[in-house]
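Peer 1: Sharing the feature lines straight out of TrEMBL:
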{"type": "ACT_SITE", "residues": "Ser890", "note": "active site"}
{"type": "ACT_SITE", "residues": "Lys933", "note": "active site"}
{"type": "BINDING", "residues": "Gly470, Pro471, Pro472, Gly473, Val474, Gly475, Lys476, Thr477", "note": "ATP binding site"}
{"type": "DOMAIN", "residues": "104-315", "note": "domain 'Lon N-terminal'"}
{"type": "DOMAIN", "residues": "800-984", "note": "domain 'Lon proteolytic'"}
{"type": "REGION", "residues": "66-90", "note": "region 'Disordered'"}
{"type": "REGION", "residues": "682-701", "note": "region 'Disordered'"}
{"type": "REGION", "residues": "743-764", "note": "region 'Disordered'"}
Amino acid sequence: MLRAAAAAAAVFPARFTAAPAVAAAEELRSPLLRVLGTLRGGRGSVLLGRRARFCSNSSASDSEAAAEAEAKAEDAAVAEGEADGKASSAIVPTNPKIEDYLSVVALPLPHRPLFPGFYMPVYVKDQKLLQALIENRKRQASYAGAFLVKDEEGTDPNIVTGSDSEKSIDDLKGKDLLKRLHEVGTLAQITSIQGDQVVLLGHRRLRITDMVEEDPLTVKVDHLKENPYNKDDDVIKATSFEVISTLREVLRASSLWKDHVQTYTQHIGDFNYPRLADFGAAISGANKLLCQEVLEELDVYKRLKLTLELVKKEMEISKLQQSIAKAIEEKISGDQRRYLLNEQLKAIKKELGLETDDKTALSAKFRERIESKKDKCPPHVLQVIEEELTKLQLLEASSSEFNVTRNYLDWLTVLPWGNYSDENFDVHHAQKILDEDHYGLSDVKERILEFIAVGKLRGTSQGKIICLSGPPGVGKTSIGRSIARALNRQFYRFSVGGLADVAEIKGHRRTYVGAMPGKMVQCLKSVGTANPLVLIDEIDKLGRGHSGDPASALLELLDPEQNVNFLDHYLDVPIDLSKVLFVCTANVIEMIPNPLLDRMEIIAIAGYITDEKMHIARDYLEKNTREACGIKPEQVEVTDAALLALIENYCREAGVRNLQKQIEKIYRKIALQLVRQGVSNEPDKEDLSVTANVEPSSGDGAIAKDEILKDSAVEDASVTNNGINPPSEEANEVNLAKEAVHEVHTTETPKEDSISEGKDTDGAKEDAVDKAIEKVVVDSSNLGDFVGKPVFQAERIYEQTPIGVVMGLAWTAMGGSTLYIETTKVEEGEGKGALVLTGQLGDVMKESAQIAQTVGRAILLEKEPDNQFFANSKLHLHVPAGATPKDGPSAGCTMITSMLSLAMGKPVKKDLAMTGEVTLTGRILPIGGVKEKTIAARRSGIKTLIFPAANKRDFDELASNVKEGLEVHFVDTYSEIYDLAFQSDAGTETS
């Protein structure tokens, strides 16, 4: 605001005339002006001897006589004022006089009050108020009342709230606006109006007494004068001197207010005590309410005291400003000095040959990298590197192109050009590693061994693209790491599930900011060899976005004919990926685009049967989980019955991931149970120190050392017991028994017997520990205490399927399952033949039901010509469970059998399940998921299975333990199924 005032003073100059000052008035003001005069750089002595008079008439044709007459009139007014003991205003009265303005237009000030002698520009948005001000100025009554606006209730005046308050003030009229204005304001002269900007010059204080007009708000006012005071009062003098001293410090620190001293004296007169207080409050950056308090104060001493507080705060702010400026200046100058010194040091070292510049050092680093690979690096890559190194020397280090070239050279030189890891072509070694890590998966292992055998005969190996497909949790991802270990190749994995950007595969163009190569180039840099095993996970879940189709970008990467010269957008030089072994994983291969699927060798991994899950749980999952939980084998026993119940009632899915979670849950609860008993398997510090001092002299000694570390002692549980229960004799006895454990395990090896003596009582101590800590046994009877209630119930609903119900076999992404086809008659009447389908069936399955009705009608006509069941019966076919979506053609033969069972009133053979697609002529077509469906049938206790004849080859490939105990029939037509399903019990037994 004060800057604006200074600007306004420069824009709207007034004409001043000088006259000799009254001697008495000069004597009165001389103490203040002598001190304050030093603030204006020597010009104060000139200003102190004369008084400036404000002239309202700014015409250039004023005569000297008129000026003298005005001066005489003002001198008379000043003399009269001094006779009354009051300070003169030094403002030339106009016609009418200022004192005659008893009603003025109220002008709201939103931010700060206006002090006498200061300019303030105000933006008036109320057009009616602006028009009234213009009219007053035309009538030579260019005065208005400037009043500060009060803050709304509940708001903090120190918080900036934006322009909302100004908008609300502009909307107020009449009494509402009057309530929001402070009573004490300033009589302001309107010096100019430009658009909606009104420039005001403050003259004297006013107090609102009444409202005259509502719009625009016009109020009655009283002109306020300072209370009488003693100008010789020592307290007032001392306070004023302190104000002047503080103002001197403020004005010395900030040149912003120096010109205001002269401007203020020109328009309001020389300084006296009241005006000094006004000046100090006006130039301070204090809160508007504090400034309003100074404006309302008529007691001169109190006003000086309030002003002194404000200028003291202003001085502290000035000091803080100086310290901030000094700190920033020192920091900038220090950085500049350090920069100059560093540049000089670089120049000196360069002249002396002690150091090369950055570009030379970078070039040397890149050349050193590529030197060891020159023999193996392709010539076209070497040529690009040389060109880029030459380009790097010509670029300025500060240019953006320099950084692009440097990063490009960094990637080019760090790649393993022609660097291949030595592969292990030992088939027996590979077989051992694969069997160590995974049980089953014979197809995958056989394919990897074939790959190794071919490499053994050729002396080198080529890259292949293998896709492992199967349900979740069957070991697709983990087998990739085992294959890399068996082949002695580096392993790199990245997932493309949800990938929607081609640049992740092919890289970005170097023109983009933050450009990077694709995943394959990052892979080669990470592994450091050109023949790693790359596992591409979730290839069936590729996305597609605005950045292109990643599946199409993978065509070049996964094509053995094209990846010899794989071109990354960032490197822009061909890379040989023909030695890379790609292993992809997918859950559903139907989701993979056909061109991409055509480039991969598919190995289907079906779900594990119960027997396989038992081996995996016992040999892999339980062992790893026990070690991860810190539990020793002798502390817990999980029976085979418990594992079998866990697999059949909790973990029926094809994979073993959920089985692993359940086993972890069991061992976590066992760990908590052991800790509550006071067991701790942490190695004792004394045992560790003794073991460290013992150096085994042979392999047996090393084994003994491992056993010592493995069978570490049990810590004393007295701390835990004391923290929970008060000590007792029984607790102390238990603690004494457990303390003996520290010495129990030291007798397990001969080496320890030779170190320590006097341990003949170890057997008794072990018995004491066994009594204190009982072994945790998990059986099928207490399995629910560890993993809760069984999740799955028996899939078999009927022991003997009733009429109209037949068991079918289904394939799901989680493995195989059995399902029932149920058919019942809704109503019967001539010509009412119809079919209603329920059970969330898909379009293909609905079509299968229609085909089944047609084929069943033909079969019934052949077997029982007089039976008009299909023509006169409305049928309802349902496939439970109703909440599970189902689709596919393989339930066709099951639907026909269900309808015929209802039509003839005969139940089907006991323990029978079937699957197969049926054509309208009754032919049985092949289906998929033979292994999964066979496993599901075994789980449900089915003895007889019917498969399409074309699936005999798939069934023969199954393991013998899967086929054991099953009577399987392979059929070509539905007539064969009819004979099997509806034969007599005697015929079944004979068969």
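Quick reminder: no glycine exception, Cβ is built from N, Cα and C everywhere.
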Peer 1: Around Ser890 (active site), how many other C-beta atoms are within 10 angstroms of its C-beta?
Peer 2: 25
Peer 1: Restricting the comparison to the recorded positions Val474, Thr477, Ser890, which residue's C-alpha is spatially nearest the C-alpha of Lys933 (active site)?
Peer 2: Ser890
Peer 1: What is the separation, in Å, between the Cα atoms of Pro471 (ATP binding site) and Ser890 (active site)?
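Peer 2: Rounded to the nearest whole number, the Cα-Cα distance is 20 Å.
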Peer 1: Across all protein chains in the structure, which of the binding-site residues Gly473, Gly475 has the highest Cβ count within 10 Å?
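Peer 2: Per the Cβ count within 10 Å, the most buried is Gly475.
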Peer 1: I need the least crowded one of these binding-site residues (Gly470, Pro471, Pro472), counting other C-beta atoms within 10 angstroms of each C-beta.
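Peer 2: Counting other Cβ atoms within 10 Å of each of the binding-site residues Gly470, Pro471, Pro472, the minimum falls on Pro472.
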Peer 1: Residues other than Gly470, Pro471, Pro472, Gly473, Val474, Gly475, Lys476, Thr477 within 8 Å, Cβ to Cβ centroid, of the ATP site?
Peer 2: Leu468, Thr585, Asn587, Ile605, Ala654, Gly655, Arg657
Peer 1: Which whole number is the mean pLDDT over the domain 'Lon proteolytic' (800-984)?
Peer 2: 87
Peer 1: Could you round the CA separation between Ser890 (active site) and Thr477 (ATP binding site) to a whole angstrom and send it over?
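Peer 2: On Cα coordinates alone, these residues lie 30 Å apart.
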